[in-house]
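Visitor: This is the structure I have questions about; it appears just below.
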Ligand code: MD3
Ligand code: FE
């Protein structure tokens with residue numbers, strides 16, 4: 001007998017904006033649409049203080065995703081490893097604080113996904129251009145795995161790769177479009193996941209870019 005995250009899910013209509021992808025993983029389609037301009041203005045404020053950068057993996061490879069952070073902690077990677085750091089290593093200053101529209105959206109989305117009282121202390125912001133990819137990984141640098149991660153997709157659509165609890169589990173493919181929010185908690189908190197190489201396109205607000213926000217409780 002093998003345990004399969006995708007077993008025993010009831011079928012749901014495709015136009016339902018709320019879809020359970022797996023136990024603990026809830027897709028809220030277009031949930032952030034009405035907030036897109038406020039969210040993107042706040043991303044601009046954050047990147048004015050903490051500019052986009054390409055982190056180096058512990059193995060010495062430059063990530064194709066450009067990243068920055070806001071909140072009390074930022075996720076960083078370098079030759080020494082992965083960690084949450086209260087200081088932006090590029091500036092030597094604390095990361096910009098979480099903008100009000102970020103906190104509001106994260107709390108509303110988490111509640112809609114079944115997590116009341118979610119207060120993130122970190123937001124990793126990822127920027128994709130055509131061809132950018134994010135290889136299969138787990139998010140396991142956070143202290144409290146009972147807290148969910150809330151992700152917000154903006155701009156060009158992406159193919160999200162949604163695997164299982166083992167790296168070798170073959171990932172399902174889920175399209176994430178502008179304004180889509182996913183709440184990842186419970187049994188889905190430690191699944192392997194990634195983003196397939198971004199296809200080119202032209203988004204009315206973001207042109208050739210995709211931006212992803214992930215709200216986390218790091219400590
Ligand atoms: C499932 N970001 O920042 S968002 C990441 O689109 C990350 O930039 C991707 O993976 C992106 O770590 C995917 C969806 C996502 C984010 C975090 C998760 C799915 C997750 C954590 C646990 C399980
Ligand atoms: Fe991740």
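Each Cβ is built from the backbone N, Cα and C atoms, and glycine gets one as well.
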Visitor: What does TrEMBL list, out of 178, 193, as binding the same Fe cation as 137, 139?
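Guide: Of 178, 193, 193 joins 137, 139 in the Fe cation site that TrEMBL records.
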Visitor: Would you identify which of the binding-site residues 75, 82, 84, 215 has the most other C-beta atoms lying within 10 angstroms of its C-beta?
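Guide: Of the binding-site residues 75, 82, 84, 215, the highest Cβ count within 10 Å belongs to 215.
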Visitor: Do you know which of the binding-site residues 84, 126, 139, 213, 215 end up with C-beta under 6 Å from ligand 2?
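Guide: The ones that qualify, in sequence order, are 139.
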Visitor: Please work out the helix, strand and coil residue numbers for the domain 'Fe2OG dioxygenase' (119-219) from the DSSP assignment.
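Guide: Residue counts for the domain 'Fe2OG dioxygenase' (119-219) by secondary structure: 3 helix, 44 strand, 54 coil.
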Visitor: If you compare CA-to-CA distances from residue 83 (substrate binding site) to each of the binding-site residues 128, 193, 211, which comes out shortest?
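Guide: That would be 193, the closest of 128, 193, 211 to residue 83 (substrate binding site).
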